[in-house]
Amino acid sequence: MNTTNKQLTEELNNTESNNDHNDFAENNIINLKQLKRKLPEELQVQAEELKIENISSLLKQELVFAILKKSVEQGGLIVGDGVLEVLPDGFGFLRSPEVNYLAGPDDIYISPSQIRRFGLRTGDTVEGQIRAPKAGERYFALLKVNRVNFDDPVNAYHRVHFDNLTPLYPDEKLGLELENNSKDSKDFSTRVIELVAPMGKGQRALIVAPPRTGKTVLLQNIAHAITTNNPEVFLIVLLIDERPEEVTDMQRSVRGEVVSSTFDEPASRHVQLAEMVIEKAKRLVEHKKDVVILVDAITRLARAYNTVVPSSGKVLTGGVDANALQRPKRFFGAARNIENGGSLTIIGTALIETGSRMDEVIFEEFKGTGNSEIVLDRKIADKRIYPAIDITRSGTRKEDLLVDKIILNKMWVLRRIIDPMGSSEAIEFLLKKLENTKTNYEFFEMMKSPERSRNGL
């Protein structure tokens, strides 16, 4: 093991000393990630400055490739990163989240020897120096590995495999509460979730949602709360079979990685994207990082797997193949809190009351697999009350591990008060009380003693 460490360290030192000979100016260093984030109009201006021909006929990825190639010819140094996809032949490519991990001309080639040397696997986020393609080559190639999963490459070789890590119940709270600083603020969704179904790092949560109940907006609010209150968490929003305009809206409103496969793309593409995202998350958890994946929707992902999986000859009610749900269950089941550091949280939406028997079967299969459930109610949404959360049917298992005992007792008192009410009256009652306070702590302070609270807050 020590010999391997020595070899890896020597390899890194050698490549670093080689780089010292490349005395490039700061403005000659091109960051591939920053280049991919630019708008097509900005790339066209940069291409014109480099005197690249036929700019208007090039797609964005082709434009990035042309700019990189021209910059290298003029003495530039390229630094790039991406998520590794290892192909059956042994070599791999770094795919970019900016293009939803689609294969493209600007992908970075990694040789089988580099993959073996650093113990790389599909899903690893690799960063390093790259070179332009030589004569007869089609892709940029990785010259030097600087970091693996935002960590030293040597550590990647000795990490414990995800499947060998010990899963535990979530015991560290994932703060979702956003303070209401003004009386005009009407969004109390994350505060309601904190009261009825608190989330922890490593939670496997299901948002059960009929159509038009505000599930996408709820996910946006959760994403915003996570990035605001938990900056150490790596957030990925996975949109499967969604409308393109909703993808754009999510990208503009969420400060995190948003990847998508829209409804006009084939089922195989939905599956490939989901596999890349879950593998990336697993690799980060192996490095003791906290990852949160928001999935919209798990039902559509299960439909995609049902289309892609080879037919077993056994078909369940609604046209679901008997083997089709095994892989989406493995995706959802990957969420866990890890002993000695690291966690993977998955919050996914499950569609119900769509009129499709298949969706009902998928939901029934996933029901009970999560350890937290938020149920949205169509009747509440029809009254234009948001969030349309059915408080009595929503909850978290082992919530005593996440919440202070005094607060937990007050949460139970609140449930006893709300229980006799209908779902609409319950959420209206709670929202009215939350409007008068900035935080949930203030709300609990307003509550009377448990004995007197049974008659109302």
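Placement of Cβ uses the backbone N, Cα and C atoms for every residue, glycine included.
Of the residues ARG243, ARG252, Swiss-Prot places ARG243 in the same ATP site as GLY200, LYS201, GLY202, GLN203, ARG204, ALA205, ARG212, THR213, GLY214, LYS215, THR216, VAL217. For THR216 (ATP binding site), the number of other Cβ atoms no farther than 10 Å from its own Cβ, over all displayed protein chains, is 18. With DSSP states grouped into helix (H, G, I), strand (E, B) and coil, the domain 'Rho RNA-BD' (77-152) comes out at 9 helix, 34 strand, 33 coil.
DSSP assigns THR216 (ATP binding site) to a helix. Neighbour counts were taken at the CB atom with a 10 A radius for the binding-site residues ARG204, ARG212, ARG243; the maximum falls on ARG204. With a cut-off of 8 Å between CB atoms and residues at least 6 apart in sequence, the same chain places PRO167, LEU168, TYR169, PRO170, GLU172, ALA335, ARG336, ASN337, ILE338, SER343, LEU344, THR345 near GLY202 (ATP binding site), listed in sequence order.
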